[in-house]
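Copied over from Swiss-Prot:
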- 1-27: signal peptide (SIGNAL)
- Cys39-Cys79: disulfide bond (DISULFID)
- Cys43-Cys66: disulfide bond (DISULFID)
- Cys52-Cys77: disulfide bond (DISULFID)
- Cys56-Cys78: disulfide bond (DISULFID)
Amino acid sequence: MGFTKILVTFFLVGLLVISSSPQNAIASEIKAKINGLECFNTCTSYYDDHKCNVDCLSSGYPAGECYTVSPSQPKKCCCY
């Protein structure tokens, strides 16, 4: 019983330490400024104009939408 108590105690302490540590694991793309627009996040069928606009609004921009930055690259979410 003593070994089990110690094992459970160490497990719970480890869980507490891991859960209380700050985790900044969210990856973000480098923002590029193109013609006065802040462009980031590649647009897809899931990440469309609406979600791009919502992200721009939550970042403090008045609006945003998906733009083709160059013909050889995919559309990017650009805030303006």
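Glycine residues also receive a Cβ, built from the backbone N, Cα and C atoms like all the rest.
Keep in mind it's a predicted model, so treat the numbers as computed, not measured.
Over all protein chains present, the Cβ of Cys39 (disulfide bond) has 22 other Cβ atoms lying within 10 Å.
Across the structure, Cys43 (disulfide bond) and Cys56 (disulfide bond) are spaced 13 Å apart at their Cα atoms. With respect to Cys79 (disulfide bond), the closest of these disulfide-bonded residues in Cα terms is Cys56, chosen from Cys52, Cys56, Cys66. All protein chains considered, the CB of Cys78 (disulfide bond) has 27 other CB atoms within 10 Å.
In sequence order, Cys39, Phe40, Asn41, Thr42, Cys43, Tyr47, Lys51, Cys52, Asp55, Cys56, Gly64, Glu65, Cys66 are the residues near Cys77 (disulfide bond), counting only same-chain partners six or more apart with C-beta under 8 A. Secondary structure at Cys43 (disulfide bond), as computed by DSSP, is coil.
Neighbour count (other Cβ atoms within 10 Å of the Cβ, all protein chains): 21 for Cys79 (disulfide bond). It is Cys43, among the disulfide-bonded residues Cys43, Cys52, Cys56, whose Cβ has the fewest other Cβ atoms within 10 Å in the structure shown.
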